[in-house]
Amino acid sequence: MIPNSSSSSILSLLVLLLFSTSSSWATNSIHEDFLNCLSIYKSSFPIPIYTSKNSSFNTLFRSSARNLRFLSPNSTQKPEFIITPTLESHVQTTVVCSKKHGLDLKVRSGGHDVEGLSYVSDSPYVMIDLVDFRNITVNVKNATAWIQAGSSLGEVYYKVGNESKNTLGFPAGFCPTVGVGGHISGGGFGSLVRKYGLASDQVIDARIVTVNGEILNKETMGKDLYWAIRGGGANNFGVLLSWKVKLVPVTPIVTVATIDRTLEQGATNLVHKWQFVADRLHEDVYIGLTMVTANTSRAGEKTVVAQFSFLFLGNTDRLLQIMEESFPELGLKRNDTTEMSWVESHVYFYRRGQPIEFLWDRDHLTKSFLKVKSDYVREPISKLGLEGIWKRYVGGDSPAMLWTPFGGRMNQISEFESPYPHRAGNIYNIMYVGNWLNENESEKQLNWMRSFYSYMGRYVSKNPRSAYLNYKDLDLGVNDNNVSEYIRYLKARSWGRKYFKNNFEKLVKVKSMVDPDNFFKNKQSIPPIRSWGKELEAINIVI
């Protein structure tokens, strides 16, 4: 990626805008003031802007918002403006003008924020939609890439695989429509997590717009902010423009497989054994586990289906040998496996049977009402415990659990290396997914999810019960803006330490330095304490 040459040239003008008074525009409303503020650059740097007067406004707003819970006409306040930047200067100007005229700012890269925090607000707001901010520049020789924040994971996978002739990859999530900006800034893991760690572990540079409209990179932002955006949620500190990442070696041919087992076929014993194997296998082997429910042959009776999904960086012969040595009970056979490229494996896991070009399709995802929760498991669950889980699980309406094994590279990285702390000692992550199509079922579905999550508490991490930032869950707690900043911080620790453990206080420190007035905020954003030094010292918290 080549940095935008206009960025530094307009910075001084942006600073003047930020600190000048709104009366200079001689307008009668914040709406007009904001438009006038943007219009200064219209002739030289046209800023794509949409208001409710545009016929495409509603379509654009809903286009990449994935969760119908936050698209109800009665529950969602729409933005005053939608900005679709194509230049870095567009983002700079939008940040400065939004702050100047008292408008909240939301930034949407892929729309997969499961609590809608990237595209809804309780206050008048501007939304930056990065749908047209998607340049990807791959350097095969150096095994690096500059990726703009609006790019989807599928676009990254396709381009990296195509340009490297299937010799390079990027370790990140399974869903190809997820936006890179938010995914990497929260950690990001998928089928290469055991081999290479998180997506955020591959970051070697970044560009971000600060609250004052300045563009910073790794060298100019300083080590604390650079640390914070790689797993602490970049939207807490600014608007992430682009990442520079390391690309990782992958074998030209990988092996994939999927095996389904019901309770009647011995799933309980296999899931129990999986807990002792999946995080200890050779790091080239990934075996993810998905649990769903299915009807049995008996009317009204359900069972649990455990689906074991394999990715192996190598050929079938070697995978069969490893499985025979480590997990023969699963019974993996040659005809269960398929050899393909690493890029093709992403189509296989997500929408089997589609052509590889499917990874470029950002619009295929069916919208639904959605609730997600998460856990980390540090001790294997007993067979008796699993049986208790199944009894409650079949009471849900088509729930899903995704168990992602760790170990390997994840055990080798310190929990303080980045804000993401869930490293050595965690056997696997659990993602709980509730998915429904009828809004009238929302209360029932949410109550079941919360009840099941409560039951699972006995089997998962404790003190704190940890959670994954990219699976945001407002049930864990929200910011209280009606109290002092110190009390707000104390309340935020209830959920902040679940996501970040002992890294939460350092994130508060960074937030307090770079955004002391809390412009970049949402219901679960990092709270600043402008006088954090004295107050944290008073309760003997060492940052």
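All residue numbers here begin at 1 and follow the chain in the order shown.
Backbone N, Cα and C atoms are what each Cβ position is placed from, and that goes for glycine too.
Quick look at what Swiss-Prot annotates:
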DISULFID  Cys37-Cys97  disulfide bond
DOMAIN    75-250  domain 'FAD-binding PCMH-type'
CARBOHYD  Asn54  N-linked glycosylation site
CARBOHYD  Asn74  N-linked glycosylation site
CARBOHYD  Asn135  N-linked glycosylation site
CARBOHYD  Asn142  N-linked glycosylation site
CARBOHYD  Asn162  N-linked glycosylation site
CARBOHYD  Asn295  N-linked glycosylation site
CARBOHYD  Asn335  N-linked glycosylation site
CARBOHYD  Asn440  N-linked glycosylation site
CARBOHYD  Asn482  N-linked glycosylation site
SIGNAL    1-26  signal peptide
Per DSSP (three-state), Asn295 (N-linked glycosylation site) is strand
Of the glycosylation sites listed (Asn135, Asn295, Asn335, Asn440), the greatest number of other CB atoms within 10 A surrounds the CB of Asn135
Integer Cα-Cα distance in angstrom, Asn335 (N-linked glycosylation site) to Asn162 (N-linked glycosylation site)
28
Cβ neighbours within 10 Å, counted over all protein chains: which one of the glycosylation sites Asn142, Asn162, Asn482 has the most?
Asn162
Other CB atoms within 10 A, centred on Asn54 (N-linked glycosylation site)
12
By a simple count of other Cβ atoms within 10 Å, which of Cys37, Cys97, the disulfide-bonded residues in the record, is least packed?
Cys37
In which DSSP state, out of helix, strand and coil, do we find Asn142 (N-linked glycosylation site)?
coil
